[in-house]
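Here is the structure we will look at.
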Amino acid sequence: MSRQTTIPLRERNIILIGFMGAGKTTIGQLVAKKLYRDFIDVDAEIERRQGMSIPELFAQKGEAYFRKVERELIVDLCTNTRLKILSLGGGAYLQEDVRRACLAHGIVFFLDLSWEHWKEERLPLIVDSRPVLKNKTLEEVEQLFFQRQSAYALHHSRVVLNELEAEQAAEQIVESIKWTWDVYEPNR
């Protein structure tokens, strides 16, 4: 598929962004099931292709290498695939090339939640599994959370997750997508 090709809305990949631990993978799997699409967790795909976990990749090859692999994969998926649900790692969308490809070729949903909710509900579940959090104080993690918000603000739609269960968030995304299809491509 050429970069100049305009992808019909109904065929565009649906891309989920947000801070680590927001629930992108869980919600993405639910959305994929509801829309009968394939689901791709970008971090899991990187692990599969590299033959090692993300923490191992960070330790052995460094963050710069990981970000390069991540960027190349996401840009390729955005420009050369259709009808997928993509879940991006929390830091992926900070890269300009990734943002540009996602916004141009997909429908980007920001899965948002407050710092307080994330700190109380999500941090305890993920703190040991995320290389970016390793050896960071709570204040440093909070700073990282708020630094990323400006990149996440560049999206097509936002879902606030604070009080939503994953199923409710997925349903909200699906309803939003279907409404968009009906309004902008009613005869397809």
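Including glycine, each Cβ sits where the backbone N, Cα and C put it.
Look at Swiss-Prot and you will find G21, A22, G23, K24, T25, T26, R130 tagged as ATP binding site, backed by sequence analysis. As annotated by Swiss-Prot, Mg(2+) binding site applies to T25, with the evidence given as sequence analysis. The feature substrate binding site is assigned by Swiss-Prot to D43, R67, G90, R148.
Taking the C-alpha atom of G21 (ATP binding site) as reference, the shortest distance to any of the binding-site residues D43, R67, G90, R148 belongs to G90. When Cα-Cα distances from K24 (ATP binding site) are compared across the binding-site residues D43, R67, G90, R148, the shortest belongs to G90.
Non-local contacts of D43 (substrate binding site) by the CB criterion (under 8 A, 6+ apart in sequence, same chain) comprise I54, S87, G89.
Here substrate is bound by D43, R67, G90, R148 per the record. The longest Cα to Cα distance in that group is 18 Å.
Of all the binding-site residues in the record (A22, G23, T25, T26, R130), the one with the smallest CA separation from R148 (substrate binding site) is A22. In the three-state DSSP classification, G90 (substrate binding site) falls within coil.
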